[in-house]
Structures are given as C-alpha cells and as structure tokens.
Amino acid sequence: MPESITDSKPEKVVCGPGLRGILRHKQPNLYWIDSQQRRYVPSKGENVIGVVTAKSGDIFKVDIGGSEQASLSYLAFEGATKRNRPNVQVGDLVYSQLIVANKDMEPELVCIDSCGRANGLGVFGADGLLFKVSLGLVRRLLAPQSEIAKDLEKMFPFEMVVGMNGRVWVKAKTIQQTLIVANLLESCENMTAQQRQTLFRRVADGSI
Amino acid sequence: MEVCGSSNPTLREFGSEQNLLSRPDGSSSFVQGDTSVLAGVYGPAEVKVSKEIYDRATLEVVIQTKVGLPSVKERAREQCVRETCEAALLSTLNPRSSLTLILQVVHDDGSLLACFLNAACMALMDAGLPMSCLFAGVTCAIDGDGRIIIDPSAVQEKESRALMTFAIDSKERRVMMSSTKGSFTVHELHQCVAISQKASDNIFEFYRESVRRRYSKSV
C-alpha cells in the first residue's frame, strides 16, 4: 500500500454492497472488483454495440443488452442535420457511447463525441460476425496492453469491435478466419494465459 | 442424513457447478445426496408493464417439476424461495426490471426446498446480482423417537413426525425463512434452528471455495 494511504488516519472503508470476484489494484490507489457477469447494466460513458430495433419519429430505439432499450437521436450522428438525416435502418449495428445511464432513466446513446466528430462511432458491420461473451472477458480484451488481443493479432489481420456490453464483432479476410477468431475468443473465457497461448499456437500451426 | 444428538451436524455429500448453461445470465446445479436441482437466472431484463415495480426489480420464481404440471405444492415452494431471494437481493439497484429464476427438479430424494434455496443462491451469485448477503437452505426432520435428522432423504422425510426447512443468512446466521410441517415443541424448534445454523457454515464455506475456484483462472 502506498505511503500516502498509510500515513493518513485509518478510515473505515465500506466496500460493496454485494461484491464477489477478484480484488484488483492499480497504482497509486485504485481498487476494483473484477467479476464475470453476462448481463449488461448500462453505465455512463461506456462504448457499446447496439442493434437498431425501431425507428420512431426523431429517435432510434437501440437494443444494447440492458434491461431497457436505449434511445439514439438521429441528430447524434456526424454531419447530421434536420434536413440531412443519417442513413440508419432497423437491424443495423451501431457503435455508440452512453451519455445517459442511470437506473431510473432510459439510457441514451450518441454516435459523436463532444466536438461533433464520429471518432470511430456510428453505423458499422456490413458483414462480419457479432457474438456475445461475458463482461469479464470484454474488460480483459479492452484493457490496455491486452494479452489476448496481442496473441490474436499475431495469427492474421482482422477487424474487431468490442462493446462494453459484452458484444464483439469480428471480420477477417475470409469467413473461415472470422469463425476461427470468434471461436478462439469464446474459448478464452476460462483459460489461463498458458493454455491460451498453447491453443493459439496450435491453431496458427494449422493442427486444429 | 446424520442423526443428530451430537454437536457436529453433517449434511449429505453436496456439490455444485456454476455457469453450465449458455443462454441464461447465471446458472447452477446443486446436488445434495441424490437430490439434484438445476437453476437458471435471467435478468435484469425488460419487464412487462403490468408487472413493473417503480422502485425495485420484479422477481419471478418458477419451479419446473420432473414430470407433470406444477401444482399447489410447487407454488408454495416458489413463494418460499421468492421471498428469501427478495430479502437477500438488493433489488432497488435495478428498478423497473425483471429477474426470473427457473428451478428445474432433476431428482427429488428429500430436502428439496433446501436444495432449491442453495441452487438459487449459487445461480444468483453466478449472475453477479447485487445481494446484501448469501443464504443457505437446511432441512431438519424429527423422527418418531424425537431424534433430529439433518438433510433427510425422501424415506426419512416420510417416516418423520415433523419436517422443517430454514433459510439461513450468511452475515449473522439468522433465519430468513422457515417452512414447517407436522407437530413439534418450541424446544425442538429451537434445537433445529441451532443445528441448521451450524450446518449452514459448511454450505457457506463451500460457496466461498467454489467462487474462489471459479475465479482462480482469470487472475
């Protein structure tokens, strides 16, 4: 524990409620508990993959896997104006950021940053494959210097979009390669680093 | 299984597996002796407007029998499990959402309600739902000679004079729910509660161990 904490008066720290998992620590004093949920609970500022389910007036309804559908204004796209509507169809995938996420309110999404730029957000995924993994795996994938992503990249080039809501979209050169990536990611869930590297090596050699 | 006059109550051999179903958000199987139950949890998910509660989640418990349609007995058990889960879950953290808990009987060899409770708790843990405490179910039977049998089998249940099931919380080992059948004295009730509280320690220790094992790989 850093000195700055031990020097100060010992305070009572309440952790929780209802926490189970691995207590993680990052310097200087950031603590969090890692768990393996599957159901997404929206939280503000996270980037998620949503599926457009309905168009009603000036908003789109988007399924982000939470307990409620999120709303996405048609003006929240890059370059969209009242006259120039974005081309979004029901069934499209959108990579978007939650700006309202609150247990008492409907979640709200945007596909632009505060400067009005898309910055990677927006409609995507003409082809490719969308699948669901646990939230714990997604957090591991999105961690800076993620070992899983590094190991995967070594095999062949592919595109990947990871939403904090447990949805992952991948696209490689061929359908076969796309499926390999998807299956590998799904199998990573309950593997140690060593097991994973052995598996990846075997796949890269073409023995599986 | 064990006849208790002694200080150390032992349950039948029990075991569990978590996260064994792919579709639900949380799942578990719980085996106590020959009694076996499979549980699945869905939620927090979208809720029907008619069932929506504005300040907390709606919990629905469904018991699926091995054969035939669920009867009044299952309904009564559903209520026992539901009220225990409602007491443990912090449902105000997910208002206007639905939680659905499905309990499938795989085999019934006595102490079924206790097994439901244990499977439910493991499934809720697997789903990662916020809870104020864990809970464990323990069944006690009192036979004709007044001896207390803990975690009885179906035969022992049939021969018993009284049958009691308690849900014990993990924080203070208090009784969260009790369901009793037959006649017994106040003294016997106190004895059974004390024995159940003692036996629940084993189950809580098991919960802790299984969570530790589950997370050991992703360290």
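Using the three backbone atoms N, Cα and C, a Cβ is placed for every residue, glycine included.
Now, the feature entries from TrEMBL:
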DOMAIN    B:11-130  domain 'Exoribonuclease phosphorolytic'
DOMAIN    B:134-198  domain 'Exoribonuclease phosphorolytic'
Averaged pLDDT score, the domain 'Exoribonuclease phosphorolytic' (B:11-130): 95
Within the domain 'Exoribonuclease phosphorolytic' (B:11-130), residues counted as helix, strand or coil by DSSP: 39 helix, 41 strand, 40 coil
For the domain 'Exoribonuclease phosphorolytic' (B:134-198), the number of residues DSSP places in helix, strand and coil: 19 helix, 27 strand, 19 coil
